[in-house]
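One structure is given below, encoded as structure tokens.
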Amino acid sequence: MQILAALSAIGALVATATAAAVPNAPAKQSMIDIQLSATGNTLIKATITNKGDKALNLLQFNTILDKNPTRKVRVYQNGTEVKFTGMLARYKMSNLSPDYFTTLGPKSSVESTFDIARTHDLTRGGKITVMASGTIPTAEGHGNGTSITGYARYESNKLELDVDAKKASSVAQAMGKVNKSRSTIDKRTNIDTSSCSQSQLEALEGALYNSAALAQAAAEAAPQSTDTVAEFFKSTSRNTIKTLVSRFQSVARESTYVNDGRTTYYCTDSMNGCSPGVLAYTLPDQNLIFNCPIYYSDLPPLAQSCYEQDQATTTLHEMTHNSAVVSPFCDDLGYGYDDATSLSASQALQNADSYALFANAIYLGC
């Protein structure tokens with residue numbers, strides 16, 4: 001097995017040749033409007049309108065336009081958020097294809113329809129509230145621009161529904177359940193070795209080693225690196241530092257060779273979540289992580305540039321999505337440096353990419 005060069009300490013790193021909530025904004029600053037309406041028992045139609053005078057090129061990844069069963073809306077019942085059963089994905093944010101965008105002309109609208117029973121546990125039925133807030137990354141150009149230049153903020157109306165439990169129960173879950181009775185390596189996150197080629201297994205083991213080292217280094221740095229903590233998490237309070245240290249240590253334990261393994265990690269996709277652009281994804285309600293082909297082909301083991309995506313921080317990012325590692329599990333509230341650092345303190349603390357970016361910044365001294 002190809003072994004990556006490493007220093008002896010766990011903090012030493014293997015070196016190689018880098019729908020969501022957003023900060024509250026006045027309505028006049030929003031470039032888009034989103035209205036939710038019900039078209040069936042649990043079927044939701046989102047109407048997205050460009051309020052401006054210029055065309056918008058809207059990135060679909062991890063937004064209400066996403067074709068994957070990601071978290072497009074928040075669903076509440078009796079003041080408590082309903083269990084999410086879909087996927088949380090990390091997307092490749094460089095060299096974006098025009099196919100990943102939806103172009104919306106001035107004052108024009110587009111509709112997106114999805115069934116919330118496919119990604120939420122609505123088997124109890126009853127009254128629920130559905131809403132969406134977040135940002136949609138926008139690109140410059142007239143229909144084919146792919147360089148992200150801004151973010152369109154939105155906050156939808158609140159939609160009240162009375163769900164028929166029998167009808168909701170008849171809707172198939174988008175991601176289903178995974179049979180975990182397979183060959184595994186058990187002394188950390190459980191790698192499903194039956195899903196791995198030799199080269200994939202070596203890459204994943206290296207990424208887990210680096211994820212542990214990055215996370216441990218971040219945990220140790222957080223109490224001293226208050227400027228960097230403030231940059232990514234907007235607070236240096238005692239509770240914030242305590243939470244960061246605890247969560248990074250938990251990721252390090254789950255990633256390292258001496259853990260009991262509370263998650264299961266697959267080298268390849270068995271749940272059909274690896275659509276174009278997906279690096280890896282997590283099923284948070286099952287504590288399962290899946291790597292996609294471009295995780296191996298398009299990412300270096302470790303980044304050499306600040307805020308660049310790599311295998312190690314992608315694995316770290318996915319670890320924070322698992323409720324067995326971080327509770328409550330982190331969501332995808334802001335992607336990349338610009339979006340992640342625009343979040344509020346409470347949002348950043350629950351944003352998976354904020355942890356990946358902070359760990360990268362500590363490692364490279366960004």
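Glycine too: its Cβ is placed from the backbone N, Cα and C atoms.
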Site-mate of His317, His321 for Zn(2+) in Swiss-Prot, selected among Asp332, Asp338: Asp332
Candidate in Cys196, Cys366 joined to Cys267 through a disulfide, as Swiss-Prot lists it: Cys196
Length of the line joining the Cα atoms of Asp332 (Zn(2+) binding site) and Cys267 (disulfide bond), in Å: 22
Sorted by sequence, non-His317, His321, Asp332 residues with Cβ within 8 Å of centre, Zn(2+): Leu88, Ala89, Arg90, Thr282, Glu318, Thr320, Cys330, Asp331, Ala352, Asp353, Ala356
Inter-residue Cα distance where the pair is His317 (Zn(2+) binding site) and Cys267 (disulfide bond), in Å: 16
Pairwise CA distance, His321 (Zn(2+) binding site) versus Cys292 (disulfide bond), rounded so that it is a whole Å: 16
Cys292 (disulfide bond) versus Glu318 (active site) - Cα distance in angstrom: 12
Cys292 (disulfide bond): tally of other CB atoms within 10 A of its CB: 24
